[in-house]
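Novice: I have a structure here, written as structure tokens, and I will follow up with some questions on it.
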Amino acid sequence: MSGIDSVLKETRLFPPSDDFRVNANVSGIEGYNALCEKANNDYEGFWGDLAKSMLDWKKPFTKVLNSDNAPFYKWFEDGVMNVSYNCIDRHLETKANKVAIIFEADDGSVTRVTYRELYHRVCQFANGLKSLGVAKGDRVVIYMPHTIEAVVAMQACARIGAIHSVVFGGFSAGALRDRIQDAQAKIVITANETVRGGKATPLKSITDEALGLGGCESVSKVVVFQRTSTKPEHWNEERNIWWHKLVKDQADTCEPEWVEAEHPLFILYTSGSTGKPKGIQHSSAGYLLGTQVTMKWVFDYKETDVYWCTADVGWITGHSYIAYGPLGIGATQVVFEGVPTYPDASRFWQMIEKHEVTTFYTAPTAIRSLIKLGGDLPKQYDLSSLRLLGTVGEPINPEAWMWYYEVVGGSRCPIVDTWWQTETGCNMIAPLPGAVATKPGSCTLPIPGIMADIVDESGAQVDLGKGGFLVVSKPWPSMVRNIWGDSDRFKKTYFPEDYNGKLYLAGDSAHRDENGYIWIMGRIDDVLNVSGHRLGTMEIESALVANPLVAEAAVVGKPHEIKGESVVAYVVLKGARPEGEEAKRIAKELREWVAHEIGKIAQPDEIRFGDNLPKTRSGKIMRRLLRDIAKGLEITADTSTLENPAILEQLRQSAI
Ligand code: ATP
Ligand code: MG
């Protein structure tokens, strides 16, 4: 395999305003460089100092990093602490009355919870869990609506040293059963139902169904939070207990379980974009440290911020940047139960105005769909409270970035395009917004202390401009500790023998441009091989999205006798899906457009139009399914995380 070719050229550069830079937590490129230099000169000292200053310890650590059993690294291992204490108790002295969570429900009703109130709720629920026999190290599955109680449940587990595994409230009974079984969970916490976009999903009934599928004998109790007045279909007196009854007579204080730094905080499954989801196991102290450092540096956290991350707690973004990061640093944050398109596509903009949000963090998939549904809508709202925008989850196409920057951010707010993974625990490559000028589509530079690199098959660094494999060459505190119950898969997937087990292999391809900025080019699994050129998916997709007609695009390779692979593009237009002659005409126009934008080599041989693309429930394009469709194959791969199965049939019929 040779390197990966880059064909996209993006030169627009957006430095922070003087005002932003001067007030930023890391100010100017000198500030960024100074931190990097410290990390380079004394790696353990760098992380050790941060762990001392940003976390509260019951018993301080004396050793920063233990690599004896690499790649099973240990950080701060003789230190003792508690994550929930760090997220709540330590703020009580100075900000007990500060609002921790502004919760907006699907129907628009708003509830505010202060740090003191959150403390009592977490303690009561923690005591409730203890009364059910949950102890340190026990696994608890949380299958909840995206509400304050979901955060309370997670924090309560952390408080008593139980290991949570949150399952997104949109997953099916089968996916839930697999996760319960994998974790051998003792307790499941759920709700009667969740309401999103006006539609109710009966979480309790799905839980019953999951348990009925068998293999869940480890579960002794199911705690049910009453989210709505709807009565659950069945009630098993032995197994079920209402949340409100469980907490009713519990004390509202609860001594934290002091745990060693490496104690597992949670298990969480990856999104399943490229294969069967992996149960990622995270630590306590190292994980929390990663979230704190990035809240401060990447999100430039200020005491006066109203921070809003739109992810669901079912994903890593909802763990690191809702349940733990913002609470750890003592922020006021918005938690939103609903969806961006209900009651209409202006919901996000309305809420930013209403809650005077300063920091807004969302996903490219949301941005693209909101452009499609109403590119002018943000202009009807007062978004002047915003000072910083962020994206995560997929590469953001430069044109979607420009819209976000201009229309949402008023050309005033830096955008932090944050590259990271379930496995990395925290942002890894992202601009520090007061220090690093941004470029649309690039996640720019690694966070200080993160040794990201781009290498070829032999592990040698590739030249600027050349694509290769994204790796991290040193362990970092918030890194994945294991795949739950599968150490072999952990080693093979992330620390392959090809690199002597020394490099963390992210699974993404990337290149650096002439400024040293990093561009994610797509998944290694999705790289196309066209006439001897290896192409990532991101650049061709971004060229398509740059066309004014196009809202979204996904490209995949299909075997071709002469070229090796031909390029097949699936395209969603901003307007209606074209058919017949019109489809042919637009396809021709788009093929010529791509040839003109980035070159003939990347020109799609075939274009298919759909109303949507197959996506994971976290909103990522599942190209592996599109590959099968392009080849005319039946889909046999794991589709347990697919959001919209109906789209597959439409795309199957979409050849023009
Ligand atoms: P699986 O590992 O099961 O295939 P997944 O990789 O989609 O699923 P996540 O951990 O949720 O699961 O996603 C991490 C991936 O998302 C990254 O490896 C990368 O491909 C993509 N990603 C996340 N943020 C960005 C970003 N800012 N720019 C480009 N890609 C991103
Ligand atoms: Mg992945």
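Just so you know, glycine gets a Cβ as well, placed from its N, Cα and C.
Just so you know, TrEMBL annotations never went through curation; they're auto-generated.
Since the structure is predicted, the reported quantities are computational estimates derived from the model, not experimental observations.
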Novice: Among D376, D498, D508, indicate the single residue that TrEMBL lists for the ATP site containing G393, E394, P395, D417, T418, W419, W420, Q421, T422, R523, R534.
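Specialist: So the ATP site in TrEMBL includes G393, E394, P395, D417, T418, W419, W420, Q421, T422, R523, R534 plus, from the candidates D376, D498, D508, D508.
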Novice: In whole Å, could you give the widest CA to CA gap in the CoA site formed by R196, G197, G198, K199, T317, S531?
Specialist: 49
Novice: Calculate the distance in Å between the alpha carbons (Cα) of K199 (CoA binding site) and V545 (Mg(2+) binding site), and round it to a whole number.
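Specialist: With the alpha carbons as reference points, the distance is 31 Å.
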Novice: Going by DSSP, give the three-state secondary structure for V550 (Mg(2+) binding site).
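Specialist: Assignment for V550 (Mg(2+) binding site) reads strand.
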Novice: Per DSSP, what is the residue count of the domain 'Acetyl-coenzyme A synthetase N-terminal' (32-87) in each of helix, strand and coil?
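Specialist: When I sort the residues of the domain 'Acetyl-coenzyme A synthetase N-terminal' (32-87) into the three classes, I find 27 helix, 7 strand, 22 coil.
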Novice: Nearest to V545 (Mg(2+) binding site) by Cα distance: which of the binding-site residues R196, T317, T418, T422 is it?
Specialist: T418
Novice: Just how spread out is the ATP site if you go by the largest Cα to Cα distance in Å among G393, E394, P395, D417, T418, W419, W420, Q421, T422, D508, R523, R534?
Specialist: 27
Novice: Under a three-state reading of DSSP, tell me whether T317 (CoA binding site) is helix, strand or coil.
Specialist: helix
